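A short worksheet on the structure shown next.
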Amino acid sequence: MPAVRFQPGDTVMGRWPGSNLYYEVKVLRFDPKTQLYTVIYKDGTELELKDGDIKSLTGFKQGRSRSRSRSRSPARTRRSRSRSPARTVRRSSSRTTEVRKEKFKEVLEVRLTPVVRTQSENQVGSRYNLRRRKDQGDGRPAELEKKLEAILPQATPREAVKTTELEFGGRFGVLFWLLFLPVMVLALLILCAQEDASLLNFPLTPPPLHSLWDCQVFGIVLLWLLFQAVLSLLPIGKVVEGMPLKNGKTLKYRINGFYALIFSAISVGAASYNEVDLSYIHGHFLQFYTSALIISILLSVYLFIRSRWAAVDDLAPAGNSGYVFYDFFMGRELNPRIKDFDIKFFCEMRPGLIGWVVINFAMLLAEMKHKNLDTPSPAMLLVNGFQLLWVADGLWHEEKLLTMMDIVHDGFGFMLAFGDLAWVPFTFTCQAYYLASHPSDLSAFWIVAIMIMNVVGYYIFRKANSQKFAFRRNPSDPALSHLKTIPTATGKSLIVSGLWGFVRHPNYLGDLIMALAWSLSCGFNHVIPYFYLIYLILLLVHRNARDEHQCRKKYGLAWGEYCKTVRYRIFPGIY
């Protein structure tokens, strides 16, 4: 093993990848496995460099002074080389020139290819390595490839990067969440079904088994998942590419979620027209939740087992800690697929979100049935309308999901499987489920005020998200030329004007305003309708803290300048 030339803390000259420019950097550490130095530039950018790309400070200055003196020496330009009369002038023959040209043509091309770094690594930027370009039909003989492969050193297979920064309380914290989250949802649903939805009236005895399990209900949930999977595979809608993966490749996704919502609405309408009792969902809601919970657990087990054979490039940066329960919770594989069927992308938007709308409609019918109403209550109409708008908007802009952290960074494990299939359709519907048994009388003033609040929140939410998505896709778009930005060492820029210049994460602000409008529609008698609002606040606090940590590490000094420019925060003292 070669000796380590530089120690942590040494100031050296590091070559910027892809160029011949050297900058003064500080050595942070050396990885004996990869034989790479982690260095930090003056602007806060951290990169990994090979030993050959680093020079000592004194040697670099001496080399520059020698080259400068040679190029500027007057004697060097005046001196002529004396030639002995006996010496003959050597001329290169045409044959030698042709041989050199042939050898030159046979030299394999090399190129710098960036390998996207994982967020779990303690640095930002791109690692550069030399890779031989594959044949592209340029006529070069395959024999030369084989000879060079025998001569050149073979690349050792890359090892998966271990996850060192653990979230959600680490390996013991995820055990708590694995047990607590399913029980908490069950308790919430039991409370919503009580006539007096108060914690003081919570039943101390567990519910009977028949109220939690029914084979027919389990079959209905499976059919719903199958129905949505078939809709997602229909050859309608455009096909787009996702964000680049670690190996530089991009996956393709069919965007037809809004069509799936329309087909689902037509199917539910047809069932209702044929007198199918959709209020059955309200009467067996606990059984529907238990079925969804079991399916999410089975799916998580399958995903964890298949991830053991996943390639290194297919692993998620946050789910490879080596701790079984932590990796099971976070998800090891980033984009698990069965041929062209992307399991995570399907679960993120289809069965849970569209199921949310269907359950809300079932609660509306249950309210009319149990209260003997000819029309739904204003509060139930507001909740159904607001949340239908939110789901329809998400499916209409389904392509924007491909740039979100759930798709780009998070693995698909129990956290997302349970969240998509059980948490979303059975906690986000708690307002409609509550109103089915606990009517809320709203005056005309409150109806108008709540509607205005939701419209304002939706405008902020949609405007901010659309602006962020457009800027990520094409920062040079003329439609975005009016935006002010701060350049960073990573080559990306941070928006500091418009909504993004007024407050950090304005999309979160719009989401919070809408969540408040949904909760206010249910009145002030109980805290249960405000569960979604409380959950959203806690979720955004966690996300903001994580974003703050990652952005400060990624953008370095540019992030400090951004924080000085955009001072207003949704949660003061947190982000």
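Placed from the backbone N, Cα and C atoms, the Cβ positions cover glycine too.
Feature list (source: TrEMBL):
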- 63-93: compositional bias 'Basic residues' (COMPBIAS)
- 4-62: domain 'Tudor' (DOMAIN)
- 58-98: region 'Disordered' (REGION)
- 172-191: transmembrane segment (TRANSMEM)
- 211-234: transmembrane segment (TRANSMEM)
- 255-273: transmembrane segment (TRANSMEM)
- 285-305: transmembrane segment (TRANSMEM)
- 416-436: transmembrane segment (TRANSMEM)
- 442-461: transmembrane segment (TRANSMEM)
- 482-503: transmembrane segment (TRANSMEM)
- 515-541: transmembrane segment (TRANSMEM)
Contact yes or no, the transmembrane segment (285-305) and the transmembrane segment (515-541), 3+ Cβ pairs under 8 Å, gap 6+: no
Stretch of maximal Cβ-Cβ contact with the transmembrane segment (515-541) [cut-off: under 8 Å; candidates 211-234, 416-436, 482-503]: 416-436
Per-residue pLDDT averaged over the domain 'Tudor' (4-62), given as an integer: 80
Three-state composition of the domain 'Tudor' (4-62), taking helix and strand from DSSP: 9 helix, 28 strand, 22 coil
